[in-house]
């Protein structure tokens, strides 16, 4: 076990505890569910980091066609998708008790986020469509570069232009001076903690893939 | 004698719209319990939610650490195997 992993474990434990224990200001409608800020929003930040990494690894793969980059890109995409799905589910639950509905097609951010997830589900379907390892790696790298570039438009640019209940609509940033400072003390550490956790998961998945490749190579 | 709970005379009580009784056992006698239970029952039970979240977090963490260790062991054993061959 590396030191940074123990650090992530302790850090996240403190963040989760502090997130429940601090006093938060009273906010109408949100009430205590404002604490969801520490959990729901870092999911999307972490997803964004993971997809950016996948973008970088895909570009690297196209540069030197080393399968190492393809492996890393696939892992980063799967972890990003994992966090994105968590973000969708937590957002849906939160919406039920603040907006009064699990899902609404009038809410652009919600639907475009779901669409973004579908783009990355398609990435894995595309990957599995090729028997040739190199061909699969090349085409999925190109697809991934396209996929990641749609994310800022789907999650940030388009939702900000449209009327929406979600914070960050009609030209405003989602996170602004109206956000209580007490919430920020936990929010930023939570973002760091979840990103650390995602690195840990990627690390384990990547090492598993290396072992799998080695054993299947020596076995055949 | 066979005791049938269904026939015990309380069948007419509508438990869907009204509770069994005004007494709620969950908060009964809290002052006589340990300090830990009193703490958990305070602040609108928010500590119970914290407890549940921490249980989930620790179980997931335990699992992740275990998988991490197993992968490390496998890496070690494969390293030895390949050094034996050469």
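The backbone N, Cα and C atoms fix where each Cβ goes, glycine too.
Annotated domain 'Cytochrome c assembly protein' per TrEMBL: A:10-157, in sequence order. The transmembrane segment annotation in TrEMBL covers A:7-25, A:37-59, A:79-99, A:111-129, A:141-158, A:185-205.
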**Q.** Non-local residues, at least 6 beyond the ends, that sit with Cβ under 8 Å of the transmembrane segment (A:37-59)
**A.** 15, 19, 69-70, 72-74, 76-77, 79-81, 83-84, 86-87, 90-91, 94, 113, 120, 140-142, 144-145, 147-149, 151, 155, 174-175, 179, 183, 186-187, 190-191, 193-195, 197-198, 202
Q: Determine how many residues of the domain 'Cytochrome c assembly protein' (A:10-157) DSSP places in helix, in strand and in coil.
A: 124 helix, 0 strand, 24 coil
